[in-house]
C-alpha cells in the first residue's frame, strides 16, 4: 500500500501536481512512518509549492531517520535556503558532502548557499534585492521579447517558472544565477556584458538544467545506493492553460491555509470567505468544501453544512477522491443531522450516514459518533413513549392477571407499564412478585432492588426482596432486608413476620435440626458472599473464632465489642458458625 501511494506521488510530482504529490506521500507516510525516502519526497514536493517551513520539517525528519543519507541534507539545505537561512543551508550542505564528497547536487547547493550567506543583510532595495527589483517592472517582458538573444526564453516553461519565482521573491535571484539564461537576462536588464567563467567549456554549448535539477540529481554512485528512484523538482513543460491552472491551485491552497488559521482563531466568517475563495479558484479539491462544512457546524448553520457535504461527496466521486475524504464529508453531514434531530426518527438518517462513512473508511471518531447517535435515539424513544396515564392502565391490567394467577400475562402488562413510566416503584414490586411465583428468583430480586432504588421508603419493596432471599435460603440477608424495612415502618406485620421466620431458620441450624445437606448448601451460598469472605479473612476475626473454640473467657470479652458482635451474628445467621 505504501509503495502504491509513493508511486502515485512520484507520477504526480513528475506531472507538476505538487499538491497532489504531497498528499500521496502523506498517505504513504501514514502506512510506513519509518521510511525516510517518503519524507524526503514530500519535502521536495512542499518546497516546489514554496511551503518551506513544512519542507524543512520533513527534511529534518529525513535526517533523523537516516542520518547517514546524503540526500537528506540536500533537502535540508534547500528548505533552509528557501526560508532565507543561508547559514543553516551551508551547514546542511557541508554535512551532506562529508557523507558523499562527490555529490554534484550538494556541491551546487553549497555554492548557492555560500553566495546567499555572503550577501549583505537586506536593508531596503540594495544588493541582490535591488537587482531583483529590476525584474518587477513591466519593461522586463518588453526587453526580453525585443532582444534576439533572449526572445526564445519566453517559450521555455522552466525559464518562465524561474522568472516568476524571482518576481515573487527577489531575494531568490541568487539561486538561479548559475543558469546562463538568467545571467543573459540580468546582463540585458543592467545593460552590461557579463562574462561567465564557464563560457569556454564545451558543456555550455547547450543550456544547462536549472539549479533545482543540479542540486537534486545525484551522481550514478548515489543512485545505485537508492532502492527506488525519487522524484526531482525538475521544471515541466507546461502550456499557458496548465500554468494558469497551477497558479490557481497554489492560490487556492493559500486561501485554504488562511481559512485554517482563521478557524483556529474562531473567526468563522473570515474562514468561510477564504474557503469560498479557494473553491472559486480550484473546484478539484473537496477539502475546501469539507473544511467549510466544519465551520458551518461551529456556526450552527447545519443545513449549509449538509449542502457542502453532499457537494463534496458528489464531486469527490467524480474526481475519484481519496476514500478518507469522502468519509470525512459523510461524517460531518451525520454530525449536522444529529444536531438537527428533534425526534427519535430524525436520528435514522444520521445513523445511516455514519454507517456509510464507515464503509468508506473505518475511522474511530466516526464510530464513536455512530454509537452516540444510537444511544441518543434510544433515550429519545423512551422519552417519546413516556405516558404515566397509560402506564397506570397497564399496571391495573397486570394486577387483574396476577389475581387470576396468570403470572406470565401479568408480567407482560407490567413490562409495558414500565416502558411507559420506568420510574414507578410499584410496578417493579408487582413484577418481582410475579417472578417469585414463577420461581425466577434472580429476576425477581433484581426488580425488588430496582424498586428500593427508586423509593427507599417503599415498604412493599422490602417485603418482596426479603421474601425472595428467604426462598433462596439466604436467611441472614433476608433478615437484614426485613430489619432495614422496619426502620421505615416499625409496626409492619409482614416485616415482623419475616424477621421471625428468619430467626427460626437460623436457630434450627444452630440446634442441628436441619439436614447436613441443607446446612452445606447454606454454607456454600454464604461463602460466595463478599462480606462473609471479608469477615473470614480478617486476622482479628480469625483470632476471635479461634478463641471461641479454645478460650471461652477471651471470647466473651470479644463479644463486648459491638463491631465484633455484629460480625459474629452475621456468621451465625449465614450458618457458618453455630452456637450450641
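Yeah, the Cβs are placed from backbone N, Cα and C, and that goes for glycine too.
Quick look at what TrEMBL lists:
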type     : residues : note
COMPBIAS : 205-221  : compositional bias 'Pro residues'
COMPBIAS : 242-261  : compositional bias 'Basic and acidic residues'
DOMAIN   : 147-186  : domain 'STI1'
DOMAIN   : 529-568  : domain 'STI1'
REGION   : 111-131  : region 'Disordered'
REGION   : 197-261  : region 'Disordered'
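The DSSP breakdown of the domain 'STI1' (147-186), given as helix, strand and coil counts, is 31 helix, 0 strand, 9 coil. Across all of the domain 'STI1' (147-186), the predicted model scores a mean pLDDT of 77. Using DSSP to sort the residues of the compositional bias 'Basic and acidic residues' (242-261) gives these counts of helix, strand and coil: 20 helix, 0 strand, 0 coil.
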